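Residues or ranges marked as domain 'CoA carboxyltransferase N-terminal' in Swiss-Prot: 132-491. Residues or ranges marked as zinc finger in Swiss-Prot: 136-158. Summarising the annotation, Swiss-Prot assigns Zn(2+) binding site to 136, 139, 155, 158 and lists sequence analysis as the type of evidence. The feature compositional bias 'Basic and acidic residues' is assigned by Swiss-Prot to 252-262. Swiss-Prot lists 252-273, 279-298 with the feature region 'Disordered'. Summarising the annotation, Swiss-Prot assigns compositional bias 'Acidic residues' to 284-298.
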């Protein structure tokens, strides 16, 4: 703007300024016709003419240095050079400001339309079409599943990683046609009987038998130590009047004590039930409370949940193990699947991984395990925790005694007992960008320590700086990086 002013007005211009209507069919504003854009004409000494057009309705400014159309004379004779500079400067500033505002409005409108389109797509697509798409958790853009699989489960919009199934991981790493699964028919039979109803019924029967035996033992001891009259007298003193109607004789009540008869399944709510019935104890009450809680609990029994995830994922448990070739090199591979009960480690998972390690040990194969787990499986109790020690012991023999090569690959998320055992025991530990790795999640830590942990503190990039991993490898480079590591170790 300053250069234009210097070139236009400080070089001794001869100003001949006009306002007029342009075009062949232009109409003079004073004639009452349609108004066309107004123009300011400036001509220098050499005769070169510059025209500036002003469209008041659309706020458009144009500068035409080749304009030669004759215009009507200026209507205001008081118009000076200074006024021209000031007004021109003002108009240009206003138009620049309007342009910035319009760009911001256009940007906001574009974002709004984008959101509306996503919402429209979501509303229009019925349920039987939605399974064809996966929505990115980072940018919320839907990705077509077939394209997503060919793109290694990487979002086309923002490049963030989707969770991969165990089968997709195997296809990514193992050469086509070389995969041979191991122990694929091994299933869990609820070894801890976490939700066993038969065990609960047996426990109730034991409590009833125990109560009956205690009652009989009490009566035998009472009859042995005291004479019949003393027993009746002491018993009558123990019983309050509301419990002993006047028409019932004490002798009849004693006989009733010695012959308790409760129908199976009958609840004790009558105040006239005898003492042996009231002494069922806290354990029996806890069982009744647990039954009530189980009825109110929405979670299905463990056996039913296993059946559901088997049908949902097509897997028998949360890990696939086997042998195959990686760029022509034989390897033993174990891949956990987070879809099956959050990839939790139970007896089957621990046994399959242990057998895989033993197979690799006996056949002198390099071992690769990809972890994706929520930790030990609480449904199997201490048996699931024992898998940590069992796998670690097998790895000790594999690494220390046989001096073989174990690569641990951590995928998102890897937490709990898996992180505390074989996931962090690799000779080389690799992870993907943005992987969530922790022993306990932010919610658990906050409840225990009353401290809030930022999410990025438990991601791969932050943990890599603290020495948790050896490599952070993008997904599309993972196979070649593993192949190079195997070459370096002469395996």
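Positions of Cβ are set from backbone N, Cα and C atoms, glycine also.
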Within 8 Å of the centroid of the Cβ atoms of 136, 139, 155, 158, which other residues of that chain place their own Cβ, given that this set defines the recorded Zn(2+) site?
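Output for this site, in sequence order: 137, 138, 140, 141, 143, 156, 157, 159, 160.
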Cβ-Cβ under 8 Å from residue 136 (Zn(2+) binding site), same chain, 6 or more residues apart: which ones?
142, 143, 155, 157, 158, 160, 162
Going by DSSP, how much of the zinc finger (136-158) is helix, how much is strand and how much is coil, in residues?
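Helix/strand/coil tally for the zinc finger (136-158): 6 helix, 4 strand, 13 coil.
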Would you count the other C-beta atoms found within 10 angstroms of the C-beta of residue 139 (Zn(2+) binding site) for me?
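Counting Cβ neighbours of residue 139 (Zn(2+) binding site) within 10 Å gives 13.
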By a simple count of other Cβ atoms within 10 Å, which of 155, 158, the binding-site residues in the record, is least packed?
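Least crowded of the binding-site residues 155, 158, by Cβ count within 10 Å, is 158.
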